[in-house]
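J.: Annotated transmembrane segment per TrEMBL: 6-25, 32-52, 64-83, 95-113, 133-152, 191-212, in sequence order. What TrEMBL lists as domain 'Phosphatidic acid phosphatase type 2/haloperoxidase' is 9-52.
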């Protein structure tokens, strides 16, 4: 969408500030951690921004892209679980990697099936339309339906993955909280569950919107 530059800068600043401050407030990271992470994010942006289109084209068009994406994200998840003690940050990392893999695979399936869920590049940037009752109602309906589908996906996958992982690795699952402190349980639970959430977000939910006329 076409919007004022100042509005975009203010939104980006507020979002970044909320994320950084929340990590300190929750006790997950120190101020130095946040500063280092912010600078590291800028470095990543500088390195990867010139090749974003190339990576995106690879994810969409290459035949074996889903296999490579899933394997790479899973390997990164396993690498992040090398600590001796349990930490919620490791679970969060696996969750982010799984969601990213699911989003990339969902985009790949959309492309392979020829689903035109996004407006053609020639029409971009879009202008902001006036807010009417119909537009607002459709937005709220899309939000409610989308959230419900994603929550159902999360609940279903959680119910399936945790007992399955415990059974495979012979870990008692009477105490789910204690079982999830084991890498063998937490990694597949987070990765598979949020991988499916990301896939639903990019493929299942948009297809549902298209079928009921909410696109």
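A Cβ is built for glycine as well, from the same backbone N, Cα and C atoms used for every other residue.
Automatic, uncurated: that is what TrEMBL annotation is.
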J.: Out of 6-25, 32-52, 64-83, 133-152, 191-212, which stretch touches the transmembrane segment (95-113) the most, going by CB pairs under 8 Å?
T.: 191-212
J.: Could you please provide the mean pLDDT value for the domain 'Phosphatidic acid phosphatase type 2/haloperoxidase' (9-52)?
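T.: A mean pLDDT of 92 is what the model gives the domain 'Phosphatidic acid phosphatase type 2/haloperoxidase' (9-52).
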J.: Of the listed stretches 32-52, 64-83, 133-152, which one has the most C-beta pairs under 8 A with the transmembrane segment (191-212)?
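T.: Per the Cβ under 8 Å count, 133-152.
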